[in-house]
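If you check TrEMBL, you get these features:
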BINDING   SER107, LEU108, LEU109, PRO110  (6S)-5,6,7,8-tetrahydrofolate binding site
DOMAIN    3-177  domain 'Formyl transferase N-terminal'
DOMAIN    208-302  domain 'Formyl transferase C-terminal'
Amino acid sequence: MTFIYFGTPQFSAAILSKLVNAGFVPAAVVTQPDQPTGRKQVLTPSPVKVLAEKLGVPVLTPQKLIELKNQLPSASCQLLVIVAYGKIFRKWLLDWPSLGCLNMHASLLPKLRGASPIQEAILKGMGETGATIMLMDEGVDTGPILAQESLKIEPDETILTLSQKLADLGAQLIIKTLNSLQTITNKQQLNLLTKPQDDEQATYTKIIKKEDGLINWQTHSGQQIERMTRAYQSWPGVYTTLAELAKNFGLILKHGVNGSIKVDLIKTSLKNSQTNQPSLFVEILQLAGKNPITWQQFANGYLDKDPRV
């Protein structure tokens, strides 16, 4: 079965690697163009591009998808397989492969449609999520479902651990789906294998921005902040401002109560002034532009020297 793989981040690269190891090698890979990263803004290829070049698979990096009209292979392609590519497909591209476009989405659709289903599952404290293979249409994660499997979310799950589990599950589901489609010869046959999503059950996620990691001590409960530290561990991180200096914190939940915060130096914790009960224990924090340090190092080096903190 001939297919072209679309993807960009490490999550997608992990899945592509498993597909190739299972014998499903794409005719080509399409990924986002190299992006400037780091303080020096060095142009850096996506993880999917790095892997594809290592595997010797042809790579396309269009700025706009319309450019693919002149770049896609002229030979017939049965499927496009899409995992976290990062752009919306127009009808001409959806119609281009002879069978259709399969998208692996990291949730149990129609729940958690959109750009950040893994982070949102952690933020909501969900006990279960999963992977879905859908036949893409012109909507955002609205296409009919071909396959779906669930996955338990552990209480201490982070974006890194849950992403790895969902990449493993998603790869298995794609491989299973591709094997099941070996005898399919047209779109009509493929459509008969799908079931429509129930739009009334749909929930949605957003594109995560840097400011989403900012702690609001007045409105965020300890439970919300603890979930933020796990959901935003890789990016954007969780941060707050003390003495007009931005600092990133790694936090461990103790209790979750809203209210103003005061510092208890003896117990190295943040306390809620309304109840005097421990709300959060700080494990690791990082001042902007400096290396991570322990709470005790921070307290010894800063809190007893700067009365503004």
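Using the three backbone atoms N, Cα and C, a Cβ is placed for every residue, glycine included.
Automatic prediction, not curation, is the source of TrEMBL annotations.
Annotated features taken from TrEMBL, shown on the structure.
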{"residue": "SER107", "record": "(6S)-5,6,7,8-tetrahydrofolate binding site", "contacts (Cβ under 8 Å, 6+ apart)": "ARG113, PRO117, ILE118, ALA121, THR129, GLY130, ALA131, THR132"}
{"residue": "LEU108", "record": "(6S)-5,6,7,8-tetrahydrofolate binding site", "contacts (Cβ under 8 Å, 6+ apart)": "GLU128, THR129, GLY130, THR132, GLN148, SER150"}
{"residue": "LEU109", "record": "(6S)-5,6,7,8-tetrahydrofolate binding site", "contacts (Cβ under 8 Å, 6+ apart)": "THR132, MET134, ASP141, ILE145, GLN148, GLN197"}
{"residue": "PRO110", "record": "(6S)-5,6,7,8-tetrahydrofolate binding site", "contacts (Cβ under 8 Å, 6+ apart)": "ASP141, THR142, GLN197, ASP198, ASP199, GLN201, ALA202, THR203"}
Three-state secondary structure of LEU108 ((6S)-5,6,7,8-tetrahydrofolate binding site) from DSSP? coil
For the recorded (6S)-5,6,7,8-tetrahydrofolate site formed by SER107, LEU108, LEU109, PRO110, which further same-chain residues have Cβ atoms within 8 Å of the site's Cβ center? HIS105, LYS111, LEU112, ARG113, PRO117, GLY130, THR132, ASP141, GLN148, GLN197, ALA202
